[in-house]
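Engineer: TrEMBL lists these features:
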BINDING   L21, G22, M23, G24, T25, V26, G27, A28  NADP(+) binding site
BINDING   K116  NADPH binding site
BINDING   E201  L-homoserine binding site
ACT_SITE  K216  active site, proton donor
DOMAIN    365-438  domain 'ACT'
Amino acid sequence: MTEQKFKPGKGIGQTVGVALLGMGTVGAEVLRLLEERSDEFAARIGGPLEVRGIAVSNLSKPRPGVDPEKLTDDALSLVARDDIDLVIEVIGGIEYPREVVLAALRAGKSVVTANKALIAAHADELAAAADESGVDLFFEAAVAAAIPVVGPLRRSLAGDKVNQVMGIVNGTTNFILDAMYTRGASYDEMLAEATELGYAEADPSADVDGFDAASKAAILASLAFHTRVSGEDVHTEGIRDITVADIEAAKAANSTIKLLAICERLVDEEGKESVSASVYPALIPSSHPLSSVSESYNAVFVEAESAGRLMFYGNGAGGGPTASAVLGDVVAVARNIVLGGRGPGESTYASLPIANFGDVRTRYHVDMQVDDRLGVLAEVASVFSEQGVSLKTVRQEGLNDGARLVVITHSAKEKNLEETVAKLKELDAVKAIDSVIRMEG
């Protein structure tokens with residue numbers, strides 16, 4: 001861990017100079033609120049905030065109400081200015097923001113960012129730069145926007161031992177899955193509607209393929225388990241392959257389907273700890289709190305040894321909610337600039353290994369069409385048994401030209417469950433496997 005330094009405070013009543021990087025939906029809302037609530041912020045901080053420069057990519061774009069003298073397309077020069085104390089980064093992307101944020105931190109400027117991809121990819125490097133300069137790096141808005149979860153993991157639960165963080169952290173996919181469940185629509189129909197409503201981008205890959213949620217899972221796992229987890233460490237699956245048959249299977253099991261970010265502390269037979277971080281669609285029982293999270297809302301479920309079960313719920317995306325989280329960090333960081341000192345930095349002392357996804361334990365819900373004849377159930381059960389997978393429940397229903405078997409397994413290693421499904425597909429008695437979904441909760 002880099003030796004931490006501390007900068008002396010500017011003093012009560014002194015102005016905190018702010019550089020705003022980015023004027024998209026979030027940046028524009030941040031600027032509006034900073035200007036409208038300037039007196040409130042000054043009272044809460046102990047000194048006024050002044051936006052002294054705004055970096056944008058297109059200087060020719062009309063920006064009504066924005067002082068053109070403050071606009072620049074040179075973010076690096078802006079963050080290097082002596083009159084800048086605090087940098088707000090809401091550009092998005094990874095490499096260019098990394099360059100600018102590193103430059104700001106190394107120049108002794110505190111940084112507030114909403115950039116999940118940046119933090120997931122380069123947190124170690126950025127945290128080390130912040131420690132070296134004695135400044136803050138805050139990123140509450142990088143996970144679930146207005147839902148306060150980064151702060152509680154950094155501060156409120158710092159004295160506890162977190163064993164699991166599981167959440168719905170992408171509003172676009174939750175909107176699609178919720179509508180598929182409640183309206184019986186297909187994935188393609190709901191993706192088109194989500195795009196029309198502005199929930200999904202023209203290229204929805206980051207959302208529907210799970211990459212957005214994976215960045216957030218990496219951040220949550222790093223904070224919860226005090227070890228570094230990058231986006232590349234997260235096993236990631238999306239929702240493109242979720243079908244109406246999957247939704248019907250969920251309903252029959254009295255469950256819903258959610259795209260979950262799951263971060264777990266694992267302990268093997270020898271007592272050695274490791275960390276698993278995954279994103280995938282899974283069945284959640286209707287009795288679980290996450291099951292009722294609807295539309296584009298987000299929720300994060302935390303399980304800690306002393307605190308027990310906690311859930312954080314709210315609007316996890318959009319200009320207003322994200323700006324709210326950004327400004328919460330701005331107030332906290334600005335107080336430190338005025339009074340001196342720093343907020344809690346990165347704590348990744350544990351250096352826990354990342355578990356192989358094949359060794360992670362989960363449960364499967366398998367819905368298959370089989371021949372309706374004597375001995376089929378025994379054949380199917382033997383495939384599970386050969387892979388060391390125990391069956392929890394088996395339900396059989398008649399079909400016009402065969403039978404349907406719905407199997408729910410006990411907890412087993414992922415690699416054993418995957419091999420079981422592969423072997424089932426080779427079985428002559430199995431006509432089709434309509435649905436294979438993990439079960440959580």
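Using N, Cα and C of the backbone, Cβ positions are placed for all residues, glycine too.
Just so you know, TrEMBL annotations are computer predictions that nobody has curated.
On this model, are these features tucked inside or out on the surface, and what's nearby?
Structural biologist: Sequence-distant contacts (6 or more apart, same chain, Cβ under 8 Å) of L21 (NADP(+) binding site) comprise G27, I54, A55, A75, L78, V79, V87, I88, E89, V90, I91, P97, V100.
A 10 Å cutoff on Cβ-Cβ distances gives K116 (NADPH binding site) a total of 24 other Cβ atoms nearby, all chains included.
Of all the Cβ atoms in the protein chains shown, 13 others lie within 10 Å of the Cβ of E201 (L-homoserine binding site).
Within the same chain, residues at least 6 positions away in sequence whose Cβ sits under 8 Å from that of K216 (active site, proton donor) are K116, A120, A142, V143, A144, V169, N170, A261.
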Engineer: To which of the binding-site residues M23, V26, A28 does the lowest count of other Cβ atoms within 10 Å belong?
Structural biologist: A28
Engineer: What's the most sparsely packed of the binding-site residues G22, G24, G27, counting other C-beta atoms within 10 A?
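Structural biologist: Least crowded of the binding-site residues G22, G24, G27, by Cβ count within 10 Å, is G24.
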Engineer: What mean pLDDT score does the domain 'ACT' (365-438) have in the model?
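Structural biologist: Mean pLDDT for the domain 'ACT' (365-438): 94.
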Engineer: What are the non-local neighbours of T25 (NADP(+) binding site), defined as same-chain residues 6+ apart in sequence with CB under 8 A from its CB?
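Structural biologist: Listed in sequence order: G318, G319.
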Engineer: Residues other than L21, G22, M23, G24, T25, V26, G27, A28 within 8 Å, Cβ to Cβ centroid, of the NADP(+) site?
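Structural biologist: For the NADP(+) site the neighbour list reads L20, E29, V30, L31, V90, I91.
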Engineer: Can you give me the Cα-Cα distance between A28 (NADP(+) binding site) and E201 (L-homoserine binding site) in Å, rounded to a whole number?
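Structural biologist: Distance (Cα to Cα, whole Å): 19 Å.
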